[in-house]
Structures are given as C-alpha cells and as structure tokens.
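Chemist: Got a structure for you, questions after.
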Amino acid sequence: MEQQPLTLTAATTRAQELRKQLNQYSHEYYVKDQPSVEDYVYDRLYKELVDIETEFPDLITPDSPTQRVGGKVLSGFEKAPHDIPMYSLNDGFSKEDIFAFDERVRKAIGKPVAYCCELKIDGLAISLRYENGVFVRGATRGDGTVGENITENLRTVRSVPMRLTEPISVEVRGECYMPKQSFVALNEEREENGQDIFANPRNAAAGSLRQLDTKIVAKRNLNTFLYTVADFGPMKAKTQFEALEELSAIGFRTNPERQLCQSIDEVWAYIEEYHEKRSTLPYEIDGIVIKVNEFALQDELGFTVKAPRWAIAYKFPPEEAETVVEDIEWTIGRTGVVTPTAVMAPVRVAGTTVSRASLHNADFIQMKDIRLNDHVIIYKAGDIIPEVAQVLVEKRAADSQPYEMPTHCPICHSELVHLDEEVALRCINPKCPAQIKEGLNHFVSRNAMNIDGLGPRVLAQMYDKGLVKDVADLYFLTEEQLMTLDKIKEKSANNIYTAIQGSKENSVERLIFGLGIRHVGAKAAKILAEHFGDLPTLSRATAEEIVALDSIGETIADSVVTYFENEEVHELMAELEKAQVNLTYKGLRTEQLAEVESPFKDKTVVLTGKLAQYTREEAKEKIENLGGKVTGSVSKKTDIVVAGEDAGSKLTKAESLGVTVWNEQEMVDALDASHF
C-alpha cells in the first residue's frame, strides 16, 4: 500500500516527536556514554526527520539534531558581549601558593572552608546561552567582556545539548577541548596532507572552533565539560559541587573526576594524585582548579578587578627536558610527504625515555632554526608526542651552520616540491619505492584489508625482489614465491597465503580505505561504500553526488573523483577484479534494514576471550553487517556476550548482570542462520 504524504499538522507533530527522541538518544550516547539504541536505529529516525524538514523547511528548529552536522560557511564571527564577565583565575605554581590561598580565605571568612576541586581542562573557554531550555548562543571568552559568536560551530559539538531537560533560561560556562586520540589522528592527517600541524590539543580545539566552514568543525571530534553558571538565579544549587550535579541533571556533560575536599591537605593530596594520573587521562589537563565550595562564602569573598578571590588555578610544572639534536632523518609517506625526525640523545620526559621527535616539515625546522648538535628543550605535546619546544641558542657552537634542507627524495632522488602552497615537501614520483612500500603497508593494515603476517619487513622484501609492484600483485602470489623470502618457511608461507586469499571476501569499504585515496579515512570509506554499493559505481560518481552525502565535504569528493580519473587506477581495478577480490558492500544498507532476519539485529554484543573460527575483527564486522553493535564493555544495555576461550572479567560481569552468554559455536550458528 502506497504511503500517504504527510499533512503539515502531522509533519509538525512527528518532527517534534523525532527531535525529542533523537536529542535524548544523543545525550545518552555523547554525554552519559550509555547508549540505549543501536546506531542504525538512530540513523533511521534521523533520516525520517531530515525528510520531513526537507519537505517542510519551516519546521526546522534551532534544537533539531539535523542542525549539528555543519554545512554552513560563515563570513566571519560577530562580537558576543558577556553580560556577566568571564573572569580569569589567579594562578598558583607551588604548594606554598596553594596553602597561602587557603590562609587568605580562612582569614577573610574566619573559619575553615571546604573546597571543590576540578581538573583544569586545557581547551578553549566557552559560554553557552539557553532560552526556555533551547540553545541560542555560544561564545568564546575573548577578553572576558567580549568574545566571538561561535554558535553555529558549537552546534556541531555532540555533547552540547540543543535542548535542556528543563525549560530554563540560563548561561553556562565551560571548556571545549579535543581528546588526545583525536589530536594525534588530526595531526597525522594534516601532516600526510602537507598542512601545518597543531602544537597541542588546546590549539587544535581553538583552531577548530574558529573555522568558518562548520562542516570541518563537525569532523574534529570536539568535546566539552561544563563547570559553572553565569547567573545561578534559575538554579537550585547552593554549592559548587551541587551545581555540577545539577548541570549534569539538566543535560550538560560535567567532569566526573571532581572531588569535595574538607581541608587544604586534602586539596594537595588531590593535586598530587592527578599530577600522577595526568598522562593516563584521555584529554589534556594543565592543572587543578580549586574553588570555595559554598556560594554564600564566594559572595562574601567577592572579586578583584580581574579574578575571583574564592578560586585559584594550580598549574602543573611543564614536563620538559634538555637534550642534543644528533641527526635529522627524512622519511617518505604513502602520499609522498617527506617528514623530518630529530634523532636526539636519549632523555626522560613525562615518565618515558625519548630519543626521537617529529619536526613535522621544513618550515618547522626553519622557523625554530634547528641545527645539528643544537641543545634543545623538548616536551610531550598533549602528553603524547615529543616536540622540540625551544632551541638553546646560547649553547650553540660558534661554527654552527643553518640546517641544509634536502632538495631530492632520499629514496628515489626525484626533486622535492611544494604543492598548492603546502608547507610539506613532497616526492611526486608515483613510482617512488618508499611510497609504494608505504602504500602496501597501508593496504594490509588492520582497518584496511587486515592481512595478518604481512609486516613492513616482509612487504619491503616482496617489493625489492620484484614479487609485487602494486597491491593487486599480492593476490597473484604463490606459496612457493612466499617461501623465497627471508625467514619465511612453509608454514608461514601457507598462513600468509591463506590470509591474503581470505581478504578477498572483505566488504568493499576496507578496499576503498586500503587504496589510500587522499583524505579518505575508514569512516568516509564506509559512507561511500554503503551509498554507492560497489567500487565500479563509486569510480563513476561525480563530485556533486559524493559531496551530497552526510560527513563528506568537497575536499574528499574532489580527491575521490581525481583518483578515479587516473587510467592506472582503472587498470588496478581490473587486476583486482581478475583476482576475484570482492568489490561490493556487504554491510546493511538503509533500504535493506526491514529485510534483515538475524539474532544480532538491534542487539548490543560484547566479544570476550579467544575465538577459534574468526578473528575478533572478522566477528565484529559480520555482526555489525547484520544490524548488531559490538562494544568493548559489558553493561545492563548488553544483550549478548560471546565468550571464547579464557574469557575473563567480562564473562563474570555478564553472569552477575544476567546477560545472555553464548559460546563461540552459538555465535557461528547464529551468523549462519542470518540472512537479508
């Protein structure tokens, strides 16, 4: 029976229902980290809302989840005055500073006080304004009196609620930051693309929020912690600790690592604890914020011209060390970017021994004037990546000479060039052995074709011996050829051959990612595969068709089209097809959702222990292709735990929660019985 078109009244009602439902699911996923539905359930409802808003554009509201994805290109940022100033905090750098702060507070109040201690997130200070519970404005701190209006960019940050659980009008303050893992991935991508890298996660967050293209912001995986209210009039809390609880209750993401301390000794113990834990956190912190807990006492203490008297920010000492640059090595990535690395005298920084640091590109070396045998200060950016922070010029030898940049590829000796005003040097020889080897490494990697046994050493041997010249050649190798490689005996050769042949059955998104198309990551590859269905169809797609997809911008679209315009790519596709490598998407496409029959459909599954018949990745992929979701931890939301050999604490927790437990064979039987 043909579905009747919606009336305006019906569309209005349904859009309201969908917005409420989707905002709740988003809050559970991004703020509480407790998703209650599978991704594709959310996606299906989201698509329904998009369709309604497309047909009835007047129904689009500021709190609609469709307004998060970005797509607007802004001409600039308007000024955003703060009715209530965003004060900075006085800093403390030692135990003496913190104890002196406590002494001043107790002297002014006349009694001991309790303190609320919170982690000082190293991001960008933001202010969020809500009217009747709906997000209407987001701004940067600026000078504390006037910031910049970044509302459209903050709409793309998933942990910023579009609508609160209470219809109150309130302005809250907090920090927008970039998680460490996202920071590393972003810099790797920028380095590979010849762009300037960010010095640290704070700069990355700030730079992202000041992007004029909101679609770029949406891809940056920013997050937030909210920690105070500009005016507590609409709030019930009487203390800072209660305020954080209340902020969480009405929909904001707050940091759970806070602690209420009854004395300054407890405060110092908290500081020492998180100074040790700092490197284990998934986000960057640069200190601890200490606030008098009771608002009545805060009011009594008041403010100076610049800062509150009732709070102080303890700043951690920098994790840095001095060493000597002994050499600068250059390596070539799969897209031809030539990256310099400083080889240094080993030194301890942030608990680890460091002897190498990325110098990113030639401009970085020239900007800092880094030379061989220079004494330098290094630190860990985001507690992760060793960076050269400073050159100690006063210790430089009198006969020191500026570092001479390479002009030719260290591997194939082709001339190095700058493309399109990139900061990176590139080798543009498509036959460069280093690029081909890196491309082979990428092709067999875990998120690509996932071929076990083919590490960089083995692949380099294959190339050097003339066994492979491109990725398609892998599929024509024989076991006898594999046994000609160093340290590859009959059993290893058989294992590698079996792994290569098995990868032919992968769903095509792995192949798309493995081909190394510039700017196309694993997520974009899956979006492309799901929409176009197979590689030949994708190869014929126009930039307009590609850019119309959610989360796919012009850069990716142009890159994909350019890639498939190359005749050598079509020859490679023909060879892959000849080798019977699967070129189609095996996952669940939107139009097939209703037809799926599987015990895994709509279920949350956890895999634990050793599996004999599949690798963990293979099992995960098969379950997700049938509409299930595989997560890494057991909770009340888990439907099935598959327990392999030597299953440990996850099995114990599943049993204690009464979650259904399957052995591996039950999982295999369920996979075999599934179809769509």
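Glycine is no exception: its Cβ is also placed from the backbone N, Cα and C atoms.
As annotated in Swiss-Prot:
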- Lys120: active site, N6-AMP-lysine intermediate (ACT_SITE)
- Asp39, Tyr40, Val41, Tyr42, Asp43, Ser88, Leu89, Asn90, Asp91, Glu118, Arg141, Glu175, Lys291, Lys315: NAD(+) binding site (BINDING)
- Cys409, Cys412, Cys427, Cys432: Zn(2+) binding site (BINDING)
- 595-676: domain 'BRCT' (DOMAIN)
Chemist: Near Lys291 (NAD(+) binding site), which residues of its chain come within a Cβ-Cβ distance under 8 Å, counting only those 6 or more away in sequence?
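Modeler: In sequence order, Tyr115, Cys116, Cys117, Glu118, Gln240, Gln298, Trp310, Ala311 meet the Cβ cut-off.
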Chemist: Restricting to the same chain and to sequence separations of six or more, state which residues have a Cβ under 8 Å from that of Leu89 (NAD(+) binding site).
Modeler: Val289, Ala307, Pro308, Ala311, Ile312, Ala313
Chemist: Setting Cys409, Cys412, Cys427, Cys432 aside, what same-chain residues sit with their Cβ within 8 Å of the center of the Cβ atoms that define the Zn(2+) site, listed in sequence order?
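Modeler: Checked against the 8 Å cutoff, the neighbours are Ile332, Gly336, Pro410, Ile411, His413, Ser414, Asn429, Pro433, Ala434, Gln435.
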Chemist: For the domain 'BRCT' (595-676), what are the DSSP-based totals of helix, strand and coil residues?
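Modeler: Final tally across the stretch: 30 helix, 20 strand, 32 coil.
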Chemist: For Cys409 (Zn(2+) binding site) and Val41 (NAD(+) binding site), determine the Cα separation and express it in whole Å.
Modeler: 50
Chemist: Looking only at Val41, Cys427, Cys432, the binding-site residues on record, which one has the least crowded Cβ, with the fewest other Cβ atoms within 10 Å?
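Modeler: Each of the binding-site residues Val41, Cys427, Cys432 was scored by Cβ atoms within 10 Å; lowest is Val41.
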Chemist: Using the alpha carbons only, what distance in Å do you get between Arg141 (NAD(+) binding site) and Cys412 (Zn(2+) binding site) once rounded?
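Modeler: Rounded to the nearest whole number, the Cα-Cα distance is 50 Å.
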Chemist: Tell me, by DSSP, whether Val41 (NAD(+) binding site) is helix, strand or coil?
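Modeler: Helix, per DSSP.
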Chemist: To which of the binding-site residues Cys409, Cys412 does the lowest count of other Cβ atoms within 10 Å belong?
Modeler: Cys412
